[in-house]
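To keep things clear, I will list the structure first and then write my remarks on it.
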């Protein structure tokens, strides 16, 4: 079957020199079977000896043939992002979204069973809560490792490895007979599941161009944002009906399904390996036609902390801080709800408290896809600098998140009608969903060749902050009260978002001014342009403009150069 796929991909144009007629025939009528079945690929290929010999070009030496695109489109492409059809691109987004659900589901489905676990193991609430916080710290730490791993050895291998580990550790959690073993397996489970969030963002960055990436990131981020809300709802139902071990059985079954889907549908998307496949199958000319080829480097394993260094970029750091602060506020609201609603005058049951988390999920659900679309539109409206893509999302988050958090905190502080904190939770979700896709898109665009490492550092920062506030929120509520504690979180969110927005506006304005100034410069006269053309031709003499000056570059080129100088200056 593998030889059949290899021969089918012969249609890309990598015909052997001994069969020029066959190559011409394929070029004249290239069959498109990228969205079709394997049989169509095999039937379309010339089965001559020369073609069969040419098919052996797929036995490339780097050993990265597993999961690579089995059939690149039978046409010349000018961009690495045009290798796959739009249908194939969105299939990968769907696959990554389904895989990504594991991360937040595993984290939050465990929460409703804390009381039952504490009772069964005769443990303390603090020890049982450690199984939650250690999971988040392990997830954050492991994200720093999975990112460089995926950048070096490819996305598909990394995902398959993590899926196998997750399946085994989930079974270990379900079979644990002591609280210490459960905590240990939860840490290992967090280590494995961290891979999905990191690598999913890298896959989206691999297959979508920067102009289309915001929308894709918006849809791909839905599971990460909505999963923390659905997890307690599903986990609470399973724990109540079948016992707390059924929650880990569900995680194991879900992990097995994800592993099967990855084996069947996942392909390698790392730019280096895709370019290598194009070079191997279609020749050096086809690879050279890829406009991103000069910037695609052979991957190396970077130090795990390199991702944090990438996020320290002055262009990115304000947005990373704002996103992390929002995530901490989101988790604080999630911890406040069950604490307050279980006490009088609300006195809600665990099942109803789990259902109230749907308010946060609803806000995330409606805002994340829309925010992705607005991110792409903002990038087109303010193309002068990469941070222009946040200029729609940041103001929306700045208005929604702090005010909504204040509504949640003070309505619960004074024990007002339940509808008020739930409305606040909706808009807390709206603010988080509006800003997170823009930040993820900006991180991947700024560090395209280290997209997994940079994205892993972002995930690590978010989950470590979530773990911190899982421990800090109960202390803050007991010490300060609901209203004052949530007000501090709202102020932190407002401050970081304001700073990020101000920095983005300043960068975009300076870059736009530089581009406009360069475009207003007069174009070089015809004689100078002719001299520049002659200078480019081989010859002993270099053409000079009148007065002995070398010809100036066109205004468009100067505009691009000035914009690069402005953005580079911000990094310094």
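Cβ from N, Cα, C; glycine included.
All TrEMBL annotations are machine predictions without curation.
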Notebook entry, point to check: For the record in TrEMBL, which of the ranges 313-339, 475-501, 502-528 is the transmembrane segment one?
Noted result: 475-501
Item checked: The annotated transmembrane segment range in TrEMBL, which must be one of 183-204, 271-292, 535-556 -> 183-204
Notebook entry, point to check: Which stretch from 90-114, 158-177, 183-204, 348-370, 390-412 shares the most C-beta pairs under 8 Å with the transmembrane segment (247-266)?
Noted result: 158-177
Checklist line | Distal contacts, the transmembrane segment (90-114) - CB-CB under 8 A, six or more residues away | finding: 84, 125, 128-129, 131-132, 135-136, 139, 159, 163, 166, 170, 186, 189-190, 193-194, 196-197, 199-200, 203-204, 207, 216, 219-220, 222-232, 234-236, 238-240, 244, 247, 250-251, 254-255, 258, 261-262, 265-267, 269, 350, 354
Check: Hey, does the transmembrane segment (126-146) touch the transmembrane segment (390-412), meaning at least 3 C-beta pairs closer than 8 angstroms, sequence gap 6 or more?
Finding: no
Next item on the list: Count the CB pairs under 8 A between the transmembrane segment (450-469) and each of 126-146, 183-204, 348-370, 418-438, 475-501, then give me the winner.
Entry: 126-146
Notebook entry, point to check: For the transmembrane segment (475-501), what are the same-chain contacts with Cβ under 8 Å, counting residues 6+ beyond its ends?
Noted result: 318-319, 321-322, 324-326, 328-329, 332-333, 336, 339-340, 390-391, 394-395, 397-398, 401-403, 405-406, 408-410, 412-414, 431, 435
